[in-house]
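As given in TrEMBL:
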| type | residues | note |
| --- | --- | --- |
| DOMAIN | A:23-285 | domain 'NADH:quinone oxidoreductase/Mrp antiporter transmembrane' |
| TRANSMEM | A:26-45 | transmembrane segment |
| TRANSMEM | A:57-76 | transmembrane segment |
| TRANSMEM | A:96-115 | transmembrane segment |
| TRANSMEM | A:151-171 | transmembrane segment |
| TRANSMEM | A:202-220 | transmembrane segment |
| TRANSMEM | A:241-261 | transmembrane segment |
| TRANSMEM | A:276-294 | transmembrane segment |
| DOMAIN | A:290-342 | domain 'NADH dehydrogenase subunit 2 C-terminal' |
| TRANSMEM | A:322-345 | transmembrane segment |
Amino acid sequence: MNPLIFTTILMTVLLGTMIVMMSSHWLMIWIGFEMNLLAIIPILMKKYNPRTMEASTKYFLTQATASMLLMMAIIINLMHSGQWTITKVFNPTASIIMTSALAMKLGLTPFHFWVPEVTQGISLTSGLILLTWQKLAPMSILYQISPSINLNILLTMAVLSILVGGWGGLNQTQLRKIMAYSSIAHMGWMTAVLAYNPTLTMLNMLIYIMMTLTMFMLFIHSSSTTTLSLSHTWNKTPLTTTLILITLLSMGGLPPLSGFMPKWMIIQELTKNNSIILPTLMAIMALLNLYFYMRLTYSTSLTMFPSTNNMKMKWQFETKRITFLPPLIVMSSLLLPLTPMLSILD
Amino acid sequence: MMTYIVFILSVIFVVSFVGFSSKPSPIYGGLVLIVSGGVGCGIIMNFGGSFLGLMVFLIYLGGMLVVFGYTTAMATEQYPEVWVSNTTVMGVFLLGLLMEVMLVLYVLKSEEVGVVFKFSSVGHWAIYDTGDSGVFSEEIMGVAALYSYGAWVVIVTGWSLLVGVLVILEVTRGD
């Protein structure tokens with residue numbers, strides 16, 4: 001793609017999300033979502049093969065449907081409240097429709113079906129943008145309407161997402177699908193605590209973005225998209241096997257790594273609000289996630305995975321320079337002792 | 001009839017939307033889009049929006065739809081699909097018509113339709129026309145406000161249109 005056009009379109013993706021996050025008028029928010037969607041389609045289609053076309057089409061269809069549902073919820077809200085400001089959704093119907101629309105945009109269950117298929121069809125860098133940047137805009141709207149979301153629907157979607165994200169990722173060997181299911185599960189954790197303490201949603205989003213960014217950078221560095229290909233990194237750059245180990249365990253939520261911090265805070269917040277069964281279930285279902293992360297670490301760092309002899313050496317392309325990889329790795333694994341700093345968020 | 005003109009026009013509006021949503025060939029879709037554009041213009045004009053109705057005819061029908069018609073005429077196939085040529089298309093069209101007829105009967109039978117919000121056929125149309133500002137026509141003031149208070153909207157929508165063109169060119173370019 002022409003570099004100037006590519007830069008323009010990438011800046012429009014950023015601009016769309018910024019407009020969504022900074023607007024107080026519902027129509028501008030909708031315009032921001034549409035701008036974001038329109039501009040990310042050619043980024044998803046950077047390579048011209050049928051898989052990317054199909055993935056971009058699926059993404060476009062689901063996100064456009066979600067935008068239409070959002071517009072309907074905005075208009076119902078307008079009819080019942082007579083104003084366009086984004087403070088509180090005044091009508092339960094509008095609130096439910098809006099929650100469903102934003103859940104479709106995020107990839108929460110029962111609207112999660114597009115996430116693995118779209119993530120699998122596109123390149124690693126596009127998948128990175130899809131799973132991290134594209135989650136910011138809908139999550140910011142959910143944060144802003146959080147007092148008026150129907151709690152039953154939200155918690156149902158959250159718990160089902162954690163379940164689907166854990167269960168669905170179990171049989172996968174393609175790394176992009178594993179990351180997609182991990183994204184579904186993390187979105188479930190984020191929306192579970194949204195009604196109780198939205199600050200923790202933002203904290204979880206921040207740490208999730210750092211960890212996903214790190215994982216994708218490590219995958220891009222070793223140019224691997226399958227488990228088998230990742231298991232050959234001991235041959236290419238042995239250091240990244242350790243880094244993959246640490247980051248994956250952090251994503252699974254193991255103390256003393258920083259991925260434990262959001263899970264710990266969320267469980268604490270939920271139990272403070274007198275729900276015991278829910279966080280127990282969520283913690284148990286996070287084990288499913290941990291299982292397939294552990295399987296990745298087993299094949300990558302802990303063992304020299306069996307393969308045929310002529311596949312043991314990976315072809316040494318020119319080493320990709322991944323900027324910010326060391327700080328990202330440090331941030332996604334060593335942030336746990338900084339947890340008391342969360343008190344400044346009051 | 002004039003008291004119910006908005007209702008009649010809105011029924012024709014929905015029927016023509018069903019007409020192109022049932023996906024005949026784009027040529028026929030463009031045909032019902034002309035009808036729906038004209039009827040939509042009539043609905044807006046009934047609320048005093050003569051400028052906006054003129055915009056619909058000039059820009060939408062006379063500009064965008066003409067270009068669409070020409071490009072479709074260049075790309076059309078030998079036997080384009082009509083509503084009666086394909087069972088699926090006809091089925092969807094009839095289903096949409098049936099739903100519209102049932103909705104119209106529901107509205108005509110009971111004074112109120114309470115599907116998602118309470119809506120009574122003629123009365124509520126008048127209520128949403130709030131704020132009688134007397135001398136000035138609200139709609140021209142609205143257009144003026146678009147360029148003064150709403151300058152940011154103009155910038156954002158203008159940029160979206162530009163990026164839309166870039167995106168479409170990029171997507172259809174191929175390798």
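Cβ coordinates are placed from backbone N, Cα and C, and glycine is handled just like the others.
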Query: Is the count of Cβ pairs under 8 Å between the transmembrane segment (A:276-294) and the transmembrane segment (A:151-171), pairs 6 or more apart in sequence, 3 or more?
result: yes
Field: Candidates A:57-76, A:96-115, A:202-220, A:241-261, A:322-345; stretch with most C-beta pairs under 8 Å toward the transmembrane segment (A:151-171)
entry: A:96-115
Field: Proximity verdict for the transmembrane segment (A:241-261) and the transmembrane segment (A:322-345), three or more C-beta pairs under 8 Å
entry: yes
Query: Which residue counts does DSSP give the domain 'NADH dehydrogenase subunit 2 C-terminal' (A:290-342) for helix, strand and coil?
result: 30 helix, 0 strand, 23 coil
